[in-house]
Amino acid sequence: MHVRNTTAASLVQIMIRLNTNQDAEANHSESNGYPMNVNNSKMDNKSKELINGQMKDDFDVEDDVNLDDIESRDVWSGKLDFILSCVGFAVGLGNIWRFPYLCYKNGGGAFFIPYLLFLVCGGIPILMLEVGLGQYTSLGGLAAWNICPLFQGIGVATLVVVVLLNLYYIIILSWAAYYLVQSFSTVLPWSTCDNDWNTDRCSLDSSRLILNNQTAGVISTNVSSNISFNISSNLTSAFNISSDLTNASTVDPTVEFWERKVLQISGGIDQPGGVIWELAICLLVVWIVVYFCVWRGIRWTGKVVYFTATFPYLVLLALLIRGLTLDGAVNGIVYYLKPDLTRLMDPQVWIDGGTQIFFSYAIALGAMIGLGSYNKFNNNFYRDCTIIACINSGTSVLGGFVVFSVLGFMAKLQNVDIDQVADKGPGLAFITYPKAVSEMPLPQLWAVLFFVMIFTVGLDSQFVGVESFVTHFVDIFPRYLYKRSGRMIFTGVYCAVSYIIGLTMVTKGGMYVFQLFDYYAASGMVLLWLCFWEAIVIGWIFGADRFYDAIEMMIGYRPNVWLKICWKYLTPLITLGIFVFHIVQFSPLKYNLSYEYPGWAQGIGIILALLSMVCVPVVVVKAFLTSEGSQKEVIISFNTKKQILMHSVCNAHSDWLSD
């Protein structure tokens, strides 16, 4: 097949994509611009000619197009594949190390009030919107937004975000892999002060490891001023190592291992230093693992997640049982859940609840659209999304019990309050928890289990992100990438290029680069911006009623009216409100609460954010500038109705492709 432009290529896929949806009902007829009634029959030659002719006239497809040249698009081999893939992608490190911290910080059990409110008003509606859109169009996050040509920039923006996210999220996995290898040592290297990287200030005095911004070994959270809620779970604030560290009389060996052995951090972003080859090797191994998780397509990936999405729960259960047996565990859990309703008067509590929801559900990245696109047309995604939401939020609550049972133990051990050892982000994963396991019997066993859990929780988030990227381009170049060999080569090249770029983040100055990406590239402002436009487009431009008709055609009934209310009113209001809050509260990125990034670095960071955000208005402006008067009036409704009709006709009669 040869197609002149991307839009035409995507529409060709609409015509052939659902030939695998054999369970879908067939033979749609038009009513008010979209399909309504169905019956079973096979598409005849006249219908084929009509569709081909319509495409050539309207979508600039050249005369030599032959739909039979393109192989069929993959679908999930089982319904559980889709659910586990969504769970694996959405349930990430933030569920383990950020949600518990926000609970204790924002009033314990009282925090569940804003959390649940934003869950039902924002998180679940956008999740169902994206999955439903992907399933209906059978297209990835880029091409699916062709249903509303004026806002195709949303798809472009999600592609940019997922590319940037894949570059730096995997760095966390390389750290976890390094710690995992070190966990097999006879003596845990972060538990002693007699290593080459230790200084004279190293001390085994457990009272020194108090994680607030006033003591040694600290990782400041700085949540109130800098809320970055991307999928990597607010790493920016978590890596602000307190400036008091350099003035402390003693430093815990866990901190020195992290700072002097793992990071070997330099004096600034303009001092990159050399590559830390241990981390570079770990990064290479992780990229190889990711490649082999996705190389054979979605059917293969759907089987991989049976392990990567379920095994972390076995480890979490083991860690929970161990944590509950520790002295002081009950105190930690009480501190985690004890409600303080007075905290609800603080607007920051509500902002934290909203941001936690929008990043923990991994929306506005195009990945959920891509995963939904591999569903059969009549799959009950409404039910599946409800299950996914319950598992996702339930995991966050479970993670809180695991974390705070150990924090209670640490507080009892050090004879301090729990708020002095409570932390979020990598400070918990790479300092607090390693310190805790070093104090337990059989420390190597618990260290291995913990870092295997961290690695597998992050792994499926990473390779599903890679799968999302690949899906974008599969829809653009189906002739080559529907073939397994073409997909393997393309995926391999992408992973190799990403690894090379990622080497900049495993140098001695790599932490500064990493933080720059995390703070700007997939920040809260970016994701909120995209969620806002997704709700506006489906609720108002495409039409919530029309989308409900599409859902009814897929699952056989219309969902509760609540989703329509959210898409049209509540979700745009919530996302816009939090977005404005981020703008007002924005402050330039700092490291160590004292190191200020130079102006050129801040400029690069702002560019990373704008790379995706400007896609939406740029495409809108371009569409109006390049269209003529009468076309401006119908650019949304006419093309939308036409594409839906064409897609549904092919859904109804897809059997002819196998002739």
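Backbone N, Cα and C define each Cβ position, glycine as well.
No curator has checked TrEMBL annotations; they are predicted automatically.
Predicted, not measured: the structure shown is a model, and the values here were computed from it.
Summarising the annotation, TrEMBL assigns Na(+) binding site to Gly88, Ala90, Val91, Asn95, Ser360, Asn392, Asp460, Ser461. There are 29 other CB atoms within 10 A of the CB of Asp460 (Na(+) binding site), with all protein chains counted.
Taking the Cβ of Cys202 (disulfide bond) as reference, residues of its chain lying under 8 Å away and at least six apart in sequence are, in sequence order, Cys193, Thr250, Val251, Asp252, Pro253, Glu256. The disulfide bond annotation in TrEMBL covers Cys193-Cys202.
Remote same-chain residues near the transmembrane segment (82-100) are listed as 76, 131, 172, 229, 231-234, 301-302, 305-306, 308-310, 312, 316, 336, 356, 359-362, 367-368, 371-372, 374-375, 379, 384-385, 387-388, 391-392, 395-397, 399-400, 402-404, 424-426, 428-429, 453-454, 457-458, 460-461, 464-465 (criterion: CB distance under 8 Å, separation of at least six residues from the stretch ends). Per TrEMBL, transmembrane segment is recorded for 82-100 (among others).
Within the same chain, residues 86, 103, 106, 141, 144, 147, 344, 349-350, 352-354, 356-358, 360-361, 363-364, 368-369, 371-372, 375, 381-382, 384-386, 388-389, 393, 531, 534-535, 538, 547, 550-551, 554, 559, 562-563, 566-567, 570-571, 574-575 sit at least 6 positions outside the transmembrane segment (112-133) and bring their C-beta atoms closer than 8 Å to a C-beta of that stretch. Marked as transmembrane segment by TrEMBL: 112-133 (among others).
Long-range neighbours of the transmembrane segment (154-181) within the same chain, counting only residues 6 or more positions beyond its ends whose Cβ lies under 8 Å from a Cβ of the stretch, are 93, 141-146, 230-232, 235, 262, 278-279, 282-283, 285-287, 290, 364-367, 369, 426, 429-430, 434, 447-448, 451-452, 454-455, 458-459, 461-462, 465-466, 468-469, 472, 498, 501-502, 505-506, 510, 514, 517-518, 521-522, 526-527, 530, 533-534, 537, 608, 611-613, 615-616, 619. What TrEMBL lists as transmembrane segment is 154-181 (among others).
The annotation transmembrane segment is assigned in TrEMBL to 275-294 (among others).
For the transmembrane segment (314-337), same-chain residues at least 6 beyond its ends with a Cβ under 8 Å from one of its own Cβ atoms are 96, 100, 103-104, 108-109, 395, 398-413, 418-419, 422, 440, 446, 449-450, 452-453, 456. Taken from TrEMBL, the feature transmembrane segment covers 314-337 (among others).
Beyond its flanks by at least six residues, the transmembrane segment (357-374) meets 73-76, 82, 85-86, 89-90, 92, 94-95, 99, 115, 118-119, 122-124, 126-127, 130-135, 137-142, 144, 155, 158-159, 161-162, 165, 229-231, 233-234, 298, 381, 389, 392-393, 396, 461, 464-465, 467-468, 471-472, 522, 524, 526-528, 530-531, 534, 575, 578 of its own chain at Cβ-Cβ distances under 8 Å. For 357-374 (among others), the entry in TrEMBL reads transmembrane segment.
Per TrEMBL, transmembrane segment is recorded for 386-411 (among others).
Under the heading transmembrane segment, TrEMBL lists 445-466 (among others).
Here TrEMBL flags 487-507 (among others) as transmembrane segment. Within the chain carrying the transmembrane segment (487-507), a Cβ under 8 angstroms from the stretch's Cβ atoms is held by residues 166-168, 170-171, 174, 266, 272-276, 279-280, 283-284, 287-288, 290-291, 294-297, 466, 469-470, 473-474, 480-481, 513-514, 517, all 6 or more beyond its ends.
The transmembrane segment annotation in TrEMBL covers 519-544 (among others).
Annotated transmembrane segment per TrEMBL: 565-584 (among others), in sequence order. Tertiary proximity for the transmembrane segment (565-584) is limited to same-chain residues at least six positions away from its ends with a CB under 8 Å from its CB atoms, namely 118, 121-122, 125-126, 129, 227, 351, 354-355, 358, 523-525, 528-529, 531-532, 535-536, 538-540, 544, 547.
Non-local neighbours of the transmembrane segment (604-625) in the same chain are 149-154, 156-158, 160-161, 164, 516-517, 519-521, 523, 525-526, 529-530, 533, 589, 597, 632, 635; each lies 6+ residues outside the stretch with a CB under 8 Å from one of its CB atoms. Here TrEMBL flags 604-625 (among others) as transmembrane segment.
Here the transmembrane segment (519-544) has Cβ contacts under 8 Å with residues 122, 125-126, 129-130, 133, 145, 147-148, 150-151, 154, 157-158, 161, 164-165, 168, 226-232, 236, 355, 358-359, 363-365, 563-564, 566-569, 571-572, 575-576, 578-579, 582-583, 586, 589, 605-606, 608-609, 611-613, 616, 636, 640 of the same chain, all six or more residues outside its ends. The Cβ of Gly88 (Na(+) binding site) lies under 8 Å from the Cβ of Val305, Thr308, Ala309, Asp460, Ser461, Val464, each of which sits 6+ residues away along the same chain. Residue density at Ser360 (Na(+) binding site): 25 other Cβ atoms are found within 10 A of its Cβ, drawing on all protein chains shown. Considering only the recorded positions Ala90, Val91, Cys193, the Cβ with the fewest other Cβ atoms within 10 Å is that of Cys193.
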